[in-house]
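Database features, via TrEMBL:
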| type | residues | note |
| --- | --- | --- |
| BINDING | Arg65, Gly90, Asp163, Leu164, Glu190 | S-adenosyl-L-methionine binding site |
Amino acid sequence: MASSSRDPRITDISDEAVRGTCDDASLCKRYAVNVGYWQDPYIEHFVRLPKERKAPEISRGYYARVQGVGHLLKAFLHKTQCNCQIINLGAGMDTLFWKLKDENLLPRKYFEVDFPSIVTRKIHTIKSKPPLSKPIMESHSGESLLIDAHSLDSSRYSIIGADLRDLPKLEENLKKCDMDPCLPTLLMAECVLIYMTHEHSTCLLKWVADMFRTAMFINYEQVNMADRFGQIMIENLQSRQCSLVGVEDCRSLDTQKARFLLNGWETANAADMVQVYRSLPPDDIKRSCRDFSLMRLLQWSSRLI
């Protein structure tokens with residue numbers, strides 16, 4: 001939970017702004033899928049297609065993000081032969097469970113954790129959309145499947161409404177849904193830790209290192225936040241009352257690795273998105289460059305008109 005020294009009204013405002021970033025990311029992914037960067041037949045059930053055109057730089061960034069995280073995730077699944085569990089922290093409207101099921105790559109159990117208000121929205125959508133609810137039922141084995149306003153728990157998929165700053169409650173909720181500390185565990189966090197104070201994110205990373213016998217943590221997050229681009233990002237988010245309170249750990253790749261190595265992790269590796277983007281298939285890079293050139297041509301033409 002937030003420390004007692006902070007004004008709870010400020011914390012509530014900031015938390016609401018952080019929850020708003022879930023919609024921002026979902027809209028960008030929906031647009032990129034619609035223009036063909038990758039296939040995702042499930043995201044349309046969670047978010048409408050945005051009316052405005054997104055810049056190619058945004059779509060290319062999200063494509064590289066999805067491919068980079070997906071490459072590491074599938075390597076873990078193949079290494080463990082899917083005899084593992086995945087815990088997606090701050091999952092938002094992520095559709096990974098359904099995509100993994102389609103590829104016959106479901107782990108023994110897949111967990112998602114997010115703010116209760118986001119979880120409530122997601123569960124409501126799942127219950128009202130057969131293309132989402134049917135795969136959960138198909139993968140379920142057991143006598144009962146729990147679905148209420150703030151949680152969903154089947155034998156293969158759980159959605160939990162929780163605050164990552166309240167670790168005792170988080171642990172309690174995960175164990176209620178049959179989290180197994182002895183099972184190889186992959187944890188994912190995409191632009192999550194930066195919204196937590198250094199103290200809270202440190203406690204989370206230590207908790208994970210102590211809790212699981214074998215674990216891997218995929219952390220997609222900002223770096224180089226001290227440069228001009230980083231300062232503009234900070235200022236823009238602050239104007240929305242969304243504070244990047246964990247920014248000090250995002251100064252560089254080295255500080256990102258250090259936060260793990262200082263908190264119980266044996267190894268840590270990091271790469272920036274330029275490296276990830278250059279590792280994508282050449283045809284995908286060519287396609288995204290054509291998209292970028294077309295967008296710039298349209299913008300230039302509109303100025304002439």
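Count begins at 1; order follows the chain as displayed.
Even glycines carry a Cβ here, placed using N, Cα and C.
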Fewest neighbouring Cβ atoms within 10 Å among the binding-site residues Asp163, Glu190 goes to Asp163
If you draw a 10 Å sphere around the Cβ of Leu164 (S-adenosyl-L-methionine binding site), how many other Cβ atoms fall inside it, taking every protein chain shown into account? 22
What whole-number value in Å do you get for the largest C-alpha pair distance within Arg65, Gly90, Asp163, Leu164, Glu190, the residues recorded as binding S-adenosyl-L-methionine? 25
